[in-house]
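Presented below is the structure to which this report refers.
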Amino acid sequence: MYISRFLPRERFDDLIEALRAAGYPIVGPQVHDQAIVFDALNHAAQLPIGIVDEQSPGRYRLHASDTNRYFDWTTGPQALKPMTFVPRETLWRSVRQPDGQLEFSAEHADMPQTAVIGIRACDLAALAIQDRHFMHGPQSDPYYVQRRERLFLVAVNCMRSSDTCFCAATGDGPKVHTGQDLSLSELDEGFILEAHTGQAREILASLSIGPADDEQLDRAETGIKQAADNQRRSLPAGPLQEKLVGAVDHPHWQTLNDRCLTCGNCTAVCPTCFCQSHVEEISLNGQETRHDRQWESCFNPDHSYIHGIVIRAERPQRYRQWLTHKFGTWEEQFGRGGCTGCGRCIAWCPVGIDVTEELAAVCSPPTLTADSGGSPS
Amino acid sequence: MSYALTPFEAEVIERHDETPDLFSLQLRLTDATRQAQYRFVPGQFNMLYLPGMGEVPISIVSDPEDRHVINHTIRKVGSVTDNLGKLQVGDRLGLRGPYGRGWPIDAAEGTDLVVVTGGLGCAPSVSFIEYALRRQSRYGHIHIIQGVKHAHDFIWRERYELWRTYPDVDVWLTADTGDTLWPGKVGPVTQFFDQLSIAPQRTSVIMCGPEGMMNAVVRDMRQRNVPDTQIWLSMERNMHCAIGSCGRCQLGAKFVCRDGPVFNFAELAPYWGHKGV
């Protein structure tokens, strides 16, 4: 059992200072452009104090609440993904010499060690999934690994759930249980801190704070349980790969044709989506090129293009690919589904498509109606 | 470099135009040590790179025991392949590979081979034919079946005529549309199967080409009780990384670049025959 310490609210800056003293620049949640995003954090006053988020299909709003809590919001549009699998980066460069020879040079990631405060259970679970893809596959990705190994993660147990949250259904939250260095539960009067790694224990020791008492621990557990109990979205019983692959001809997919804009927002905010495209940047004189990779979405027709053919040319085919992969074939690839219940894809979908509703529909026998009986053209 | 994403420089040693839109390049890595260490299996592919244009996955057609050159036969289907077609002897380009899982050269040992190719210059299957012909004692009878759309699409006529002269090898040609000088039949590739006296448990089917043609062959071979695990297909999907990271080549749970491009039908069956998968 980890020893739980209590940090009074007015001393939160001491934690920030202790992390800085341990050599970490700090990144934490802040309100920018009416959303909670992660940015450089110097002191507690920058945190979203007394801010709660209201999320529902196609909707994300921040409101002031009547508390002074720092972490009473649930998720912003970002998870850890932009820090480890960055939106765009250079992999290598080529230079053509005057004699026609080509020289290639690999680029290297160079992120300083960084402490991130405020990461949630769903996002840590997503990080573990991306670790499997980028670090523990047949080829380890040095760009990802370099950044990943430099993260010190201060995670937060959620005491609130948004309407879009369903981490309890995927088994990933709201209590943090994997990948954190330090975890934090917020009470009105302060924070219960638990160290899970040696370095976190040193940082905790440097704060000279006393243990949390049983009543505080009980209140934290109750808060976490309430957050789970307040979630109302669920998933069909798994495993889902066979169900979804078997539902390839389900007429419900066709209904997405009239709803899904194929904008790719869901894949951009998803903390586990890993698709990439490789793009070339060429110098004006044509002699030097930069080979970059950037985030890519399976909702883009180009994603499945081969010599004159777009394999998933129809919108419903692209939605089907995303949902079938995320909840189904992901199981064979990574030993679990690719969703950690963060709910971002529901909130940030401009037309409010809810993955849990779509899954329920395609995992149920088709109901033949005049509207749903058409076959994909 | 443990991470196989940065290309190495290669040089064009020879080039041939096969048809107006099909050409072959003989390449050699300019680093002699790297060239000497380069190993591949028929059916694997390289990523070929032109600066400022990008990379394309191209299957390797040379014999794996030829340590001197790496051969590719390429169809002009887009900006990178069009410009690869403009390369001249001595020109430099980028190459990384080999990638993927090739043909079942060991699993198919001792079996008859039915090699079915649809379309133009289907390099992946040619690589296996050449490989098997040089090692004929390891395989049984070799049936080579080539289907083309139009009779005038047929290339490498001399090569097919040569293959026909080998013992225990037969060659069958067909076109959707023939012409007066067309030496083959007209119709689907499946029309020949009745004449091959297929022993299902001792037959390996090797195919590449349009998915519609492969679908017809799969259906026919399954009816003849050839096991799904002995029906092999070379698949194509969009690829950017070639190492199973970029996610673009997914076919169901498979990454075509890493788990394939060669699959047996049992691996593909759950996803087969559905548009847009």
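These residue numbers are counts, starting from 1, taken along the chain as shown.
Glycine is no exception: its Cβ is also placed from the backbone N, Cα and C atoms.
Bear in mind that TrEMBL entries carry predicted annotations, made automatically and left uncurated.
Since the structure is predicted, the reported quantities are computational estimates derived from the model, not experimental observations.
As written in TrEMBL, here are the features:
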DOMAIN    B:5-105  domain 'FAD-binding FR-type'
BINDING   B:CYS241, B:CYS246, B:CYS249, B:CYS257  [2Fe-2S] cluster binding site
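According to its DSSP assignment, B:CYS257 ([2Fe-2S] cluster binding site) is helical. Proximity to chain A, defined as a C-beta distance under 8 Å, is registered for the following binding-site residues out of B:CYS241, B:CYS246, B:CYS249, B:CYS257: B:CYS241, B:CYS246. Other Cβ atoms within 10 Å of the Cβ of B:CYS246 ([2Fe-2S] cluster binding site), summed over all protein chains shown, number 22. All protein chains considered, the CB of B:CYS249 ([2Fe-2S] cluster binding site) has 27 other CB atoms within 10 Å. Sequence-distant contacts (6 or more apart, same chain, Cβ under 8 Å) of B:CYS257 ([2Fe-2S] cluster binding site) comprise B:PRO57, B:TYR99, B:GLY100, B:ARG237, B:MET239, B:CYS241, B:ALA242, B:ILE243, B:GLY244, B:CYS249. Note on B:CYS241 ([2Fe-2S] cluster binding site): other Cβ atoms within 10 Å of its Cβ, all shown chains, come to 25.
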